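Straight from TrEMBL, the features:
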BINDING   GLY499, ALA500, THR501, GLY502, ALA503, GLY504, LYS505, SER506  ATP binding site
COMPBIAS  1-15  compositional bias 'Low complexity'
COMPBIAS  38-48  compositional bias 'Low complexity'
COMPBIAS  280-293  compositional bias 'Basic and acidic residues'
COMPBIAS  847-858  compositional bias 'Acidic residues'
DOMAIN    482-682  domain 'FtsK'
REGION    1-56  region 'Disordered'
REGION    254-305  region 'Disordered'
REGION    831-864  region 'Disordered'
TRANSMEM  94-112  transmembrane segment
TRANSMEM  124-149  transmembrane segment
TRANSMEM  161-179  transmembrane segment
TRANSMEM  217-239  transmembrane segment
Amino acid sequence: MATRTSSPSTARSSGARGGSARGGSSRAGSSRGGSGRAGSSRGSSSRAPEPERRAWPARLGRGLWMGSAHVVGGTARRVGSGARDLDPALRRDGVAFLLLGLAIVVAAREWFGLSGVAGDAIHAVVAGGIGVLGALVPVIGVVMAVRLMRHPERSSDHGRESIGLALIATAVAGIIHVAQGTPSPKVNFAGVQAAGGVVGWLVGTPLTVLLSSWVSIPLLVLLGVFGLLVLTATPVAAIPRRLREAGARLRGGEVVEEVHPAQAADGTPRPRPPRPRRRSAGDEAYARAHETDPPAETEDEDRTTVLPMAATAADEEDEAGTAELLPPPTTPLPARAEQLELAPDIVYQLPGDTVLVKGAPHKVRSAANDRVVEALTNVFDQFEINAQVTGFSRGPTVTRYEVELGSGTKVERVTALSKNIAYAVASADVRILSPIPGKSAIGIEIPNADRETVSLGDVLRSSAARRSEHPMVIGVGKDVEGGYVVANLAKMPHLLVAGATGAGKSSFINSMITSIMMRATPEEVRMVLVDPKRVELTIYEGIPHLITPIITSPKKAAEALEWVVREMDARYDDLAAFGFKHIDDFNAGVRSGRVQPLPGSERVIAPYPYLLVVVDELADLMMVAPRDVESSVQRITQLARAAGIHLILATQRPSVDVVTGLIKANVPSRLAFATSSLADSRVVLDQPGAEKLIGQGDALFLPMGAAKAMRVQGAWVTESEIHAVVDHVKSQMQPSYRDDVAVVATKKQVDEDIGDDLDLLLQAAELVVSTQFGSTSMLQRKLRVGFAKAGRLMDLLESREIVGPSEGSKAREVLIQPDDLPSCLAMLRGEPVVEDDGDGPPVAVDYGDDDETGDEDAWSLTNR
Ligand SMILES: Nc1ncnc2c1ncn2[C@@H]1O[C@H](COP(=O)(O)OP(=O)(O)OP(=O)(O)O)[C@@H](O)[C@H]1O
């Protein structure tokens, strides 16, 4: 499922420098360097007599020329390398000033008629190039310069904007050229300058000759429109929304980024009526992925909505793992601005992009990297190893230096040097990869002396994150090449997070929960947070995504896991009843109106939210109830994926008694922060490596299906940012907690005389009460049991005062009304009876195979 969509830039320049520095001393290098020197000496010896034959003025002239060439060349090289070392922000300012200068020069000629040779030259270039459009060049230059200076971080925007402008200019120049009667530069260059310039001539003339002006003008208009779309980063599909946004802005109103069904102001969730919707590409992709029939398309309503559960096409490409990498620059994609309405008066607005701050721009190279290249080169020299540093990829925390071996050099010669390398670069945390996956090169990962923090905001604003609208996509961090890493928790489908204390687990969990709050409404994702340490997650108390208050007691936590198992079973029953294999299909069916309540049921069917269960310290739970926890985890992890339930288990003690074989076998994705020992690394990742990590969010990420762990620097979100997001989501909605998560905490006491017949007895009670007919032969028939068993069931019902005593051949009197059935069944099960407070169905009831009534348990998570 992992897709490396593109590889971020790899800085090779210093590698080349390292290589050349090394060139003089390594064997390969020395032969090259040597031949270079030999060549020059040979050259000078063979030409030596020649200068002597020249006259001294010629020799002087040549000497002066060579000397000045040296000075100029050396200065240029120094300026060049200085410019490379210049802060990128200053470099961008330089470009902006250049644009301003250009704008002034062009304005002087095109606006104020500067005369003379300079004026003529400027006019020849500008008007000759784009004709009358040249008059706009100063304005465009100033606008671009101001944008460059004000938003240096939007470098990729500037590239796109330039392309858009170029397309528009080409199209307009072409149109003007055609409109002016296609003047030829050979015959009438002034005419060309007064039309669309050479650019206009180049596009306008061939089109007009081939297709006539009637066809060429519409084509050029199309080109111009396309340029406009590129300039404004507007896909055609987003035009109506952009227009709506623009209209809203013009009217002075706020643009609602995303609006979702929520609940009434008093906190009561409103059931969402099934609403037909147009099927999106996401649905199609999703349906393909799950090999089920795509949801029927009900025709149809007046607008297209974004289906929150639908996997995007990009997700579907993501076959081999769960992580996705992209280079740091991001193209601003259209914000998620579709409005999903539940009731006209209720909206849920996701936190705005700006709540999370921007991080510092990523450096692809720094002086510290150059020093390391030099140190590595020296080590190879000292140990006479024919190897050279050919480049490096700088990540936020570590840089991976690429080392290529000369022919005949053993890989082991470099790997055996790890201690010397560590000594030379003054860092104990050197990690050697041989080879770098997919490359014939050894990777040496060395911590950056000037490490960078990865801001979660940047990760969530990256195109990798924005391309997918899946609500379970979270920002993970950046990889060693500086590419953003995001992951879809729904595809993990369960994740083990481990690392020594202080290594960065809690920070990751914060980033994860914040990502969910930033991207998903409570209708899309609900959470159960288990925090036995009582400090880590308290900040999230009261957010509407919670279905129960944060659980801090390990015992209750173990029991909450049992509740999760029951919730999963209930969802499965629902899926089976409606003929779906996956909760996403069910949800799509609900949204398309295909899923309707069974006849006679008053249930209002709503989509199921994903359920994310986060346990921040598995060890605490394993100490209290190892067996129960292990078996719950096993059941959940084996089945929960289709039910939309996902587990995140974190521990700072990744030892075999906490992360047991059973748990490991069922939690396929792993995220290891620095561990205190190699043994711990093996427990988490089944391989060494995590013991070499340097802490503070440095991690190895092994998503399900990935062969090799990927090194990432975890995203960082500050406490004040979390507070801002929490305040925002809390201001949107109150949590509506389910009380049966706590009810499960009471041990069930099934009466001894019922023994193994509980299931049959429940069915018998349900039959008798719902039909109000206390007949033993009916039980025999309906339950397909013998006379003796049916008689025993009837006796049990009598002993619980559900039916009256036997009246011979007549049916018994039924003492319980159908309304009281749920509490009656709970009593038989040994569960505490929860009084119905009128807000919804009372206790969670498992009706076995009975679909009609069993629905109520299953839908409870969304509708209670
Ligand atoms: N992704 C990160 N970026 C920058 N700094 C980080 C990151 N993660 C952790 N740190 C730094 O490391 C410190 C400890 O991190 P954190 O509290 O997440 O560790 P932990 O593994 O949860 O420890 P414990 O198990 O004791 O709770 C943080 O206070 C922060 O200074």
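Just so it is clear, glycine is given a Cβ too, placed from its N, Cα and C backbone atoms.
Since the structure is predicted, the reported quantities are computational estimates derived from the model, not experimental observations.
Overlay of TrEMBL feature records on the structure.
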residue	record	Cβ contacts under 8 Å, 6 or more apart
GLY499	ATP binding site	LYS505, GLN652, PRO654, ALA672, PHE673, ALA674, THR675, VAL684, ALA690, LEU693, ALA699
ALA500	ATP binding site	GLN652, PHE673, ALA674, THR675, SER676, ASP680, GLY695
THR501	ATP binding site	GLN652
GLY502	ATP binding site	GLY695, GLN696
ALA503	ATP binding site	GLN652, PHE673, ALA674, THR675, LEU693, GLY695, GLN696, GLY697, ASP698, ALA699
GLY504	ATP binding site	PHE673, ALA674, GLY695, GLN696, GLY697, ASP698, ALA699, GLY714
SER506	ATP binding site	GLU536, ASP616, ALA650
Exercise for review: For LYS505 (ATP binding site), list the number of other Cβ atoms lying within 10 Å of its Cβ atom.
Suggested key: 25
Review point. Can you name the far-off residues of the same chain, 6+ from the ends of the transmembrane segment (94-112), with a Cβ under 8 Å from a Cβ of it?
Key: 86, 118-119, 122-123, 126-127, 134-135, 137-142, 144-146, 148-149
**Study point:** Spatial neighbours of the transmembrane segment (161-179) far in sequence, C-beta under 8 Å, 6+ residues away
**Key:** 130-133, 140, 144, 147, 192, 195-197, 199-201, 203-205, 207-208, 213, 216-217, 220-221, 223-224, 226-232
Revision key, fill the gap. In the three-state DSSP scheme, LYS505 (ATP binding site) belongs to helix
Review point. Relative to the mean position of the Cβ atoms of GLY499, ALA500, THR501, GLY502, ALA503, GLY504, LYS505, SER506, the recorded ATP site, which additional same-chain residues have Cβ within 8 Å?
Key: GLN652, PHE673, ALA674, GLY695
